[in-house]
Amino acid sequence: MCAVLDWPIVSVPADPAVLAGLDAWRSLPVRQQPTWPDQTALTAVSERLAASPPLVFAGEADALRDHLAKAQRGEAFLLQGGDCAEVFAEADAGRIRNKIKTILQMAIVLTYGASMPIVKMGRMAGQYAKPRSSDQETRDGVTLPAYRGDIVNGHDFTEASRTPDPQRLLDAYHTSASTLNLIRAFTMGGFADMRRVHEWNKGFTVTPAYRSYEGMANEIDRAIRFMSAAGADFDALRTVEFYAGHEGLLLDYERPLTRIDSRNGNPYDCSAHFLWIGERTRQLDGAHIDYFSRVHNPIGVKLGPTTTGDDALALMDALNPEGIPGRLTFITRMGAGTIRDALPPLLEKVAADGRPVLWVCDPMHGNTITSSNGYKTRRFSDVIDEVRGFFEAHKAAGTIPGGVHVELTGDDVTEVLGGAEEIDEIGLARSYETLVDPRLNHAQSLEMAFLVAEMLRERTA
Ligand SMILES: O=C[C@H](O)[C@H](O)COP(=O)(O)O
Ligand SMILES: C=C(OP(=O)(O)O)C(=O)O
Ligand SMILES: [Mn+2]
């Protein structure tokens, strides 16, 4: 997040038609929104949000778009990771630091293993709204609204907690701001300096992945010492660009945080650098597609196993009709057993169209299962197999596998089955903490990075 920001002396005002368009979604079908019981409170909160400073700058979103354009062309690779659902009470320094360290470690494994620049992005500092399969949840005969993420309601199973509360939009804004502040401090203040690769491993449990990382960090150290002795200047390695993204789901939050870029009069959603539209809200005639077609951030769309080539083209027409490089990312989440059949027709159709798209693999959301002891989980082997299928399909089509999108945490949780620590169904009970979907823990995340580095190395070989 260190784009050069030119602060213009003369502001370009927005075209009134562009401003009016930002509210067109209100008259379209909109899915997965809460029913706010108090509309007056919602209006007051929206006004507060609209008057608050933006969380990111438009210039930073533009810089990210350029990086994503490089990933599209195979000159970089996107790593996006973080919680399924961030939780306000867990936005503390220790957890945020562990997540950043984990993503930095994964990025360095990929950079070193595949000699490829990695674009680093968190599912962080705003990932508070969740689409749900069901609007309600029933426990022991009591039915309450489903938990829709901390920005909407609380997870506790009481009527008070589950009732949507607009004040939570302000809490989400402030928690995003403090999270982003810490991310900026960690990545711009010297902590992310590549000469400190060893320190990013400190404090984590010693696992096989931890040891592999130590080995690689020793090699990097040696290479840096050699290059320094040879006169190279490593000060450029002091800081790291780290971007923030979340699902652009809750339009009552995204709309007031949308601002007009004074450089050119264009609207940007300044709640994050990157917003994606979920599998459940990507209807062509729906509110989400309309809204995000009007803001200038780089935008992602999740594509599940039933997506057709024509759906993909229609999404390109809606979100990136002119084919601006880096503007549109397709995040496929097909399932390990499906990707090898479902992805190739999409790749073929999009390649024939010619407009650029960044293809990213989410190997999590198509591989969710329930364990026999009742946990919502995923198998590490399925996650890796889906990434493998993604690389295979791109190789066969002659297209570029441009990134991975992963649900992970830097903490030592037990939510995903398998990995080198061989977490089994009984083991899930040890430290199952997620409020929605299961996340890779620190060791599983590192292990994944080593495996993806190999796939990426083969791609570039
Ligand atoms: O990350 C998202 C979840 O997969 C989605 O919200 C659905 O979860 P659910 O089936 O538990 O409602
Ligand atoms: C809900 C999510 O994904 P999808 O829209 O792909 O189901 C998510 O990324 O948490
Ligand atoms: Mn999820």
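All positions are counted from 1 along the displayed chain.
In case you wondered, yes, glycine gets a Cβ from its N, Cα and C as well.
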**Study point:** Arg123, Glu279, Arg280, Lys302 bind phosphoenolpyruvate per TrEMBL; candidate in Arg95, Arg97, Arg333, Arg340 listed for that same site
**Key:** Arg333
Practice item. Can you match one of Asp38, Asp317, Asp437 to the Mn(2+) site that TrEMBL gives for Cys84, His365, Glu407? Key: Asp437
Review point. For Glu279 (phosphoenolpyruvate binding site), what is the secondary structure state per DSSP, taken as helix, strand or coil?
Key: helix
Review point. Residues near the Mn(2+) site, Cys84, His365, Glu407, Asp437 excluded, by Cβ within 8 Å of the Cβ center?
Key: Met364, Thr368, Val436, Pro438, Arg439
Practice item. Counting Cβ neighbours within 10 Å across all chains shown, tell me which of the binding-site residues Arg123, Arg280, Lys302, Arg333, His365 comes out on top. Key: Arg123
Study note, to complete from the structure: Across all protein chains shown, the one of the binding-site residues Glu279, Glu407 with the most other Cβ atoms within 10 Å of its Cβ is Glu407
Revision key, fill the gap. One of the binding-site residues Arg123, Glu279, Arg280, Lys302, Arg333 has its Cα closest to the Cα of His365 (Mn(2+) binding site), namely Arg333
Revision key, fill the gap. Rounded Cα distance, in Å, between Cys84 (Mn(2+) binding site) and Arg280 (phosphoenolpyruvate binding site) is 15
